[in-house]
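Trainee: Structure provided below as structure tokens; questions to follow.
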């Protein structure tokens, strides 16, 4: 069940990476690599940092197959996929919630305290998108005006890592923590909320 | 023997990194760092991901000296080095073949299955060039029209990881697997083959 | 004592990251993430490469708090902070000296020889700034004309790793090694020294 959700999240992230690649006129290699980097990058960074190597995303070939398929689907049917962007944004919010919570819980399992675990949960959720943007030479969208993405990600991860620190069972924590990220992100999308900018 | 080949590959990759740095008007620090990143980056990524730390590229100072020399040679004699670009491309194909195959076999040794080992073999071959391009702010050439580089790399790595999975001796696998990458890459260079682009 | 110095170095680096973010019109997420990446990036790269995971910068929440505060200070008071740039450059030289020396000594502790330890010491000092620049899509300043930064960093790291290799006590090594980096860097700032460029 959790594996399925995880793979769905990777698939959606992979499509977002593939679309960015297509729009930057990359070839099939670029599309597939961006799809993989976006789908798997956040989890691999987390695993390397906490010492969980080789990461499951590398050991288990399901984790490699899913983003490759996401990339190839985008490569062949990108006009249709691109029109689904609003739907993809919604799925992306679910993927984000799941990744942040799963990342925070895994970091907790590896002995990190609640603050580092929340930070690594956020990295799990947003790391793939940062790598995607770097690979096409643009400033990561999560750093720019017009998005509220990383803050909901951190909030859900913080709820998850606090719950784990308090000794609550994982099943009790996952739902509410992911709901914080997903709900806040969907509201931000719907209402056009953005993160504050520095005074000029 | 394999060590010598490995160092030759690193040297050629380092020169390619140094040339990119010179053409982007970097100073001596940029030239040497790009030479090192291009020569060693792919192997270091692989080693960090599979948990083979500290990587030999960091532990053994031969591995540090060779790309530094490659960078300095390029820094001082770049007009002559630049004129050798066709020769460098041929050596680069050999370096690519060797890196992909060695990378796949090392990943297999660390317990990865054939699909992940092939993927990491490709990363070993192309990772250094991706880092080189990111460091000068350009979209990695292997993602762009006009190259067929990563696909031959993956093919050779896949032959190597399949051979290792079937239990064949390393000596039997290295030659044919590297030949696949090298031959396909040289043909692509010679014939101007490129990877497919998405429909517009 | 060493911890305090380390945290001061992280704080100064974080401010430099925050200023770059503000000048690139990033939002609060970008400012805080750049501050963290600049303050912690070099040490995290070193720790991942030598296998010291999870890195202290991730385990210990003091290491997370300090760059976040540095980022928020820059976010709110960037006009005042920006006017202090000359002062920041001086503190930055001290941070650089400390990071390079501490990085080289830690790499030595983990069994690396003097050449790799010096290289990793330099990476500890300059890695955060490279990540900062990549995240805003510019070629790292340490690779460009107009700076002499990485060479003093390497020099101090080399003094430290040589001292450690010779078996000298850490307390004897830290001071002179850091002085090499800090002194050379301050002289370079003051005199406008730069690293050599390739002939055109």
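Any Cβ shown, glycine's included, is placed from N, Cα and C.
So TrEMBL says this about it:
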{"type": "DOMAIN", "residues": "C:4-78", "note": "domain 'Glycine transporter'"}
{"type": "TRANSMEM", "residues": "C:6-22", "note": "transmembrane segment"}
{"type": "TRANSMEM", "residues": "C:29-49", "note": "transmembrane segment"}
{"type": "TRANSMEM", "residues": "C:61-80", "note": "transmembrane segment"}
{"type": "TRANSMEM", "residues": "C:87-105", "note": "transmembrane segment"}
{"type": "DOMAIN", "residues": "C:90-160", "note": "domain 'Glycine transporter'"}
{"type": "TRANSMEM", "residues": "C:117-135", "note": "transmembrane segment"}
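Show me how these features fit into the shown structure, please.
Mentor: A Cβ distance under 8 Å defines the sequence-distant neighbours of the transmembrane segment (C:6-22), meaning residues of its chain 6+ beyond its ends; these are 30-40, 62-63, 66-71, 73-75, 78, 81-82, 85, 88, 91-92, 94-96, 98-99, 102, 128-129, 132-133, 136.
Sequence-distant contacts of the transmembrane segment (C:61-80) (same chain, at least 6 residues past either end, Cβ-Cβ under 8 Å): 7, 10-15, 17-19, 21-22, 28, 31-36, 38-40.
With a threshold of 8 Å between CB atoms, the same-chain residues lying at least 6 positions outside the transmembrane segment (C:117-135) that come near it are 13, 16-17, 20, 30, 33-34, 37-43, 45-46, 49-50, 96-97, 99-108, 141-142, 149-150, 153-154, 156-158, 160-162, 164-165, 181.
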Trainee: Would you mind giving the whole-number mean pLDDT across the domain 'Glycine transporter' (C:90-160)?
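Mentor: A mean pLDDT of 95 is what the model gives the domain 'Glycine transporter' (C:90-160).
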